[in-house]
Amino acid sequence: MLALRRSPLDIERILGLDADRRRLAKDRDEARHRQKQVSEAVGLAKKEKRECVAEMAEAREVSDLVKQLDADVTSIEAEQAELAKQLPNVVHPSVTAEEEIVGQWGEPRKFEFKPLAHWDLGEALGVIDLEAASRLAGSRFVVFKGHGALLERALINYFLDTNTRRHGYIEVSPPFLANAATLEATGQLPHLETEMYKTQDELYLVPTAEPQLVNYHRGQTIPEPQLPLKYVAYTPSFRREAGSYGKDVRGMIRVHQFDKVELVRIVRPEAAYQALEEMRSEGESLLRDLGLPYQVKRLAAWDMAHQSAKTYDLEAWAAGQERWLEVSSISACGDYQTRRGGIRARGKDGKTFFPHALNGSALALPRVFVAILENNQQADGTVVVPEVLRPYMHGLERIK
């Protein structure tokens with residue numbers, strides 16, 4: 001499994017630690033047994049008023065040995081716990097070492113002119129200002145203004161409304177900061193610590209709303225009749241992108257802060273993969289509503305998030321760059337996150353079990369913003385607003 005994941009974890013070290021812990025635990029149990037025997041011998045000698053110098057010396061030696069073995073076992077268990085946090089999820093049997101395109105909708109538009117990339121088109125329309133963003137915060141940030149800010153807000157509100165009204169999710173407005181326990185439960189820590197922004201108060205800016213929504217029930221036991229739980233949240237997402245130096249440096253494809261609407265479901269184990277297909281369908285419906293051509297990719301094992309057992313990416317076409325852009329990642333995580341977070345469900349028979357967690361973007365901005373600009377641009381330099389967004393943009397039909 002680690003090989004399929006291309007994980008750098010040393011399996012021999014993991015197995016070696018387990019063997020050492022078992023051996024030391026056995027030695028400790030034997031020492032404790034001997035400690036009990038010696039203690040009884042000392043007690044009997046004192047009761048009979050016999051000299052027991054040798055027995056008392058052995059008692060001290062065995063006591064010291066038990067303390068040392070206890071410390072050794074505790075040390076190994078601590079290292080095992082740290083390594084366990086770094087172990088990725090077990091992949092679903094349908095996931096392989098190669099990615100696969102498993103769906104597509106729409107045809108990329110044929111232009112009678114050369115379409116512009118969003119960084120040129122957006123600046124010309126005055127809807128984004130990358131220079132101001134760089135001045136305010138540095139590289140890989142974006143300022144939306146005017147109709148650009150309105151479009152960004154319209155997309156967020158449309159996604160929230162559709163996911164709550166059409167798809168039945170409960171909207172949550174969580175903190176934009178998370179503690180380490182929250183991020184450890186969902187698997188972002190320790191694996192992605194270098195990719196996250198950490199404050200002086202030991203809090204992290206959220207890389208997605210997923211940790212907050214999954215951890216909403218951390219340490220709780222949910223009555224089974226309440227399943228499935230379906231939550232949706234809008235948050236800005238913050239990522240250092242430390243491993244992407246030199247990639248997508250133009251425009252706003254890969255930025256440090258972006259808006260995203262996130263879905264999370266907590267479901268019965270047997271319902272998890274049907275739920276995954278439903279979430280995929282929900283994400284696809286949003287792209288169809290916007291009229292954006294897209295393809296669906298089933299990710300290779302090595303390309304999936306640490307916590308995922310199976311992942312679909314939805315990729316929208318961007319005409320100005322002639323490329324597919326990931327706008328959603330939808331994952332089934334099995335009980336990987338619920339076990340780490342101590343999230344249980346209690347059946348009608350009184351027995352508890354770990355439900356399964358799923359998450360998905362529905363959808364991620366600003367790449368949807370990019371796809372709308374590049375695909376809907378006209379020869380006169382205007383951009384047609386998707387019909388479903390017009391009620392959220394005061395009836396605006398074109399961005400000029």
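Each Cβ is built from the backbone N, Cα and C atoms, and glycine gets one as well.
Because TrEMBL annotations are produced automatically, they should be read as predictions rather than curated entries.
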Among E184, E193, E224, E262 - the residue TrEMBL places in the same L-serine site as T208, R239, N359
E262
Listed binding-site residues (T208, S329, N359), ranked by Cβ neighbours within 10 Å, top entry:
N359
Any idea what the model's mean pLDDT is for the domain 'Aminoacyl-transfer RNA synthetases class-II family profile' (151-386)?
96
Comparing local Cβ density (other Cβ atoms within 10 Å) for the binding-site residues E241, E262 points to E262
For R239 (L-serine binding site), which residues in the same chain are close in space, meaning a Cβ under 8 Å from its Cβ, but six or more apart along the sequence?
E195, M196, P207, H256
